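Data block below; observations after.
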Amino acid sequence: MLSFISFSRPTDSTYHQSTRHHPDVEGLMDVDDDDLTGSEPRLTCPGETITSSQAFMRGHGTYVDKEDVIASVAGTVERVNKLVTVRAIRTRYNPEVGDLVVGRITEVQPRRWKVDANSRQDAVLMLSSVNLPGGVQRRKLESDELQMRNFFEEGDLLVAEVQAFFSDGAMSLHTRSLKYGKLRNGQLVTVPPILVRRLKSHFISLPCGVDLILGLNGYIWVSKHMKDTDQGEEGFDAEAVYSNKNEDIDNATRAAISRVGNIIRVLADHFVPLTDSLLLEAYEWVIEQEGDAKYLLLGDAGDALVAAMSVRG
Amino acid sequence: MSSRIELLNAGLLRSDGRRPYELRTLSINFASQGTADGSVTFSHGLTEVRVAVLGPREAKAGSRRETLHDRATLNVEVQLAPFGVGERRRRGRGDKRLLELAATIKSTFEPVVQVHLYPRSTIDIFIHVLQLDGGLLPACINGSTLALATAGIPLFDFVCAIAGGVHGTQPLLDLTTVEENDIPSIVVGVMPRTGRVTLVQMETRLHMDRFEEVFRAACDAGKVLWSEMRDALRERTSDLVEALEAGPGAFAAKEVEEI
């Protein structure tokens with residue numbers, strides 16, 4: 001079966017080189033780039049004047065110098081009534097309360113863990129905000145403080161929710177839900193955080209036997225599908241939740257996991273926002289191509305995937 | 001004199017065929033480098049540097065004492081590829097000249113990066129010099145500016161740096177190694193929006209009467225560089241925005257009101 005796809009956008013667009021002119025004539029050739037059409041998002045560079053500070057309030061990504069509101073990052077201008085903000089096109093994760101994040105333990109400290117969550121500082125996971133073995137209602141004891149490494153160790157991956165902020169802007173996480181906790185049976189894929197939008201659910205189950213956790217911080221966990229055990233609060237199984245051992249994963253599942261991982265990597269390279277339906281379509285497309293898991297990373301396969309997805313979308 | 005290369009001939013052309021105020025070809029490549037938040041490969045003629053910016057992020061365990069409670073710290077590391085320099089020599093991390101270069105870059109960017117927004121974090125700037133043909137400091141600074149901007153780190157303005165020198169009474173801009181070795185030179189870093197100067201470096205003796213002329217020429221050249229760097233950055237931003245919005249299954253493009 002043959003299928004035709006349109007040409008993809010040139011991928012070497014990251015490369016900038018144009019004809020240089022003598023400084024004397026440079027000014028004459030300058031095109032006035034201020035005439036932007038209304039519907040296009042307005043782009044900024046650091047140090048670019050956006051508007052007057054008399055009529056507008058400055059938001060994130062801007063600063064005020066004398067009478068002007070000036071952009072401090074490269075991105076798009078957004079306006080809500082009198083508030084002008086610039087949203088940077090690529091940046092670290094900016095946490096908000098209630099966000100679902102995937103993180104990695106970097107340090108074990110007294111009564112708390114430090115978690116790398118792709119933010120500007122390491123997040124904090126307090127011992128009091130994790131589920132301890134022996135029931136949700138159980139209070140923490142001295143002995144729990146002494147055996148914190150039994151729950152989470154350095155390098156462990158976990159999924160958690162942003163609970164609050166400290167005064168210096170660091171975020172505090174919690175895993176007090178059966179959905180959250182330690183991660184195993186899969187692999188981590190990192191993408192720019194802007195590509196993960198807020199969805200109805202960030203736990204996605206693909207029909208190919210793969211579970212996805214789309215962390216809003218750009219960390220994505222791709223793992224083997226776990227059976228939904230309808231256990232109530234009482235059925236909290238500490239042994240399973242804090243286990244460091246992977247379950248048996250058959251070869252087909254392993255291939256599916258790496259295929260999904262590679263799809264995400266390719267889409268992220270092309271700066272395509274991720275959604276569950278898109279990932280599903282992409283997976284079907286890859287299966288149609290009958291390549292193995294690494295096929296996507298070779299040659300033009302990635303470009304073809306993105307082009308095919310654009311046509312369908 | 002006869003054995004030396006003629007830096008400026010009677011027709012006012014320099015050893016590589018440029019005119020006194022002519023800059024070398026600029027090329028800017030925003031291809032991503034590993035896990036870096038912002039990255040750029042920047043070249044002035046034959047001088048080529050790769051800059052990767054990581055952060056703002058938690059300081060590494062070893063340097064955590066140096067973090068400040070009210071702002072981010074900048075950490076600059078410069079590495080010179082042994083094959084990229086005229087004489088092949090291994091330079092370690094402790095090389096005095098590279099440390100000084102890193103310190104200069106750090107102090108250039110401290111007033112430009114809005115560090116107060118990121119308390120207790122560090123911003124790492126890693127610079128790899130791949131080829132060196134004069135103008136090391138300007139290339140590092142211009143590259144770092146763009147890398148910081150692509151990492152989404154708030155800046156008050158660009159910093160555009162350029163080297164200038166004097167041959168006889170004639171000011172020259174954007175010096176190559178041959179010129180740098182022979183004539184007195186300065187490096188000027190300007191913030192183009194306000195015209196403020198964040199860096200003037202002079203390692204050789206330059207006559208007082210000549211300084212102003214070179215300095216002004218370098219400031220003007222900084223603005224020319226700025227227009228190129230800005231265009232490159234804007235092109236990349238628009239590419240990314242386009243990809244984000246045209247992406248399959250994209251959310252309805254948000255209406256942005258024109259101000």
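Just so it is clear, glycine is given a Cβ too, placed from its N, Cα and C backbone atoms.
From a predicted model like this one, the values you see are computed outputs, not experimental measurements.
Annotated features, as they stand in TrEMBL:
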COMPBIAS  A:1-17  compositional bias 'Polar residues'
COMPBIAS  A:27-37  compositional bias 'Acidic residues'
DOMAIN    A:43-80  domain 'Exosome complex component N-terminal'
DOMAIN    A:92-163  domain 'RRP4 S1'
DOMAIN    A:186-227  domain 'K Homology'
REGION    A:1-41  region 'Disordered'
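Summed and averaged per residue, pLDDT over the domain 'Exosome complex component N-terminal' (A:43-80) gives 93. When the domain 'RRP4 S1' (A:92-163) is classified with DSSP, helix, strand and coil residues number 11 helix, 26 strand, 35 coil. Beyond the ends of the domain 'Exosome complex component N-terminal' (A:43-80), by six or more residues, the same chain brings 86-89, 91 to within a C-beta distance below 8 angstroms of the stretch. Mapped onto DSSP classes, the domain 'Exosome complex component N-terminal' (A:43-80) shows 0 helix, 22 strand, 16 coil.
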